[in-house]
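Record features, source TrEMBL:
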ACT_SITE  HIS104  active site, proton acceptor
BINDING   GLU34, ASP35, ILE106, ASN158, ASP159, ASN213, ASP258, ASN259  Ca(2+) binding site
DISULFID  CYS23-CYS344  disulfide bond
Amino acid sequence: MVLKTVYYMGFHLHYNEHYPGKCENIDGIGIGSEDFYTFTDGLTFITSGLALQNEPAHKQEYMVKHNIVGRIYLFDFNKNKAKVEELSIVGSNGGFNVKLFYPHGISGWLDESGKKILFVVNHDEHGVDFIEKFEFIPEKKQLKHVKRYRDDTMLLVNDVQATSKDSFYFTNSATDRIQPWWFVMFCRLAWNTVVYCDGSNYKIVLDDLFVANGIAMSNDGRYVYIANIMNQEIVVAERKSNNDLVKKQLFPVYTYPDNIIVDMKTDNLYIGAHPFIYKINQAVEYPDHHSPSQVLLLYVKDGNIKKTRELFYNDGDLITGSSVAIVFNSKLLIGSVLHKTVLCDVNVPL
């Protein structure tokens, strides 16, 4: 078990840095862009300010020093500029307080009237996880809080995938907030779940996952993809009529996959990944440390992943801890857990 754990750490691995084209950091965004959601018109909503309760004192000092608080930014692929705008957040339904807002995963839905609806995972400062629902008000560059969701099945929520304007799946990446990562890694504890909410009722639809991370759904709604990060694999699940999930494929990626984005034209998957698990865990605890960044493209046919390709690799100086990525209009947008955000030209065939 010790040897297997050391092997999974990746101490023996080496990667060569490469980009798909010119890359630059995006202006206007603070530290962190853990997840984002892109609508078909190119508008992309980015979460920033990821934090959990009981962060160590040195990390709290770092967050205060760099003014890391919960924010959502807007990026527009159509403007062809490496720049974002911070959105104002209004409303306080169900006790929501923007000052206690620490966003993580995000998903969107376009309702029948054309309104953009967002679901956002929130690690409230009081140690309770929620999923917050917002409506985007474009003329005011504003997010209006609509509703908050809370249930005992929300343990340590990581990501969310909307299935309608009122329903969603979400992943639990731990059973509580105090599990040390090394303990989970060494003991290989596959205790995590995917939960479905129809708007009011909750049910576990998939379990026995080894740190469930990002979640995404195919464009036709037939398949759900889950990043089973500590198993270094993507779980492909078939979605049943009652919204239960049945495992269809386990695809190894030989790296640690974080968030998943589905290409809106091809159904291929973009993965932000961490090649060295010990380095990203160091960077999360000590944000001044660097951790490599990696972006994968997974080719999908009929719901099955057929092959994978590495689009981007950086040793951690340009961007540390890549957590999410998407290609849109020949541009690659990459987010990070607690570092910079990067935009690259894509000058290679996909």
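Just so it is clear, glycine is given a Cβ too, placed from its N, Cα and C backbone atoms.
Predicted, not measured: the structure shown is a model, and the values here were computed from it.
When the Cα of CYS23 (disulfide bond) is compared against those of the binding-site residues GLU34, ILE106, ASN158, ASP159, ASP258, the shortest separation belongs to GLU34.
Across the fold, the C-alpha of HIS104 (active site, proton acceptor) and the C-alpha of ASN158 (Ca(2+) binding site) stand 7 Å from each other. Apart from the site residues GLU34, ASP35, ILE106, ASN158, ASP159, ASN213, ASP258, ASN259, the chain places the Cβ of HIS104, GLY105, VAL121, GLY214, SER323, VAL324 no farther than 8 Å from the centroid of the site's Cβ atoms, the recorded Ca(2+) location. A Cα-Cα distance of 19 Å separates ASP258 (Ca(2+) binding site) from CYS344 (disulfide bond). Between the candidate binding-site residues, ASN213, ASN259, the densest Cβ environment within 10 Å is the one around ASN259. The Cβ of ASP159 (Ca(2+) binding site) lies under 8 Å from the Cβ of ASP35, HIS104, GLY105, SER107, VAL121, PHE170, THR171, ASN213, GLY214, ILE215, ASN259, each on the same chain and at least six residues away in sequence.
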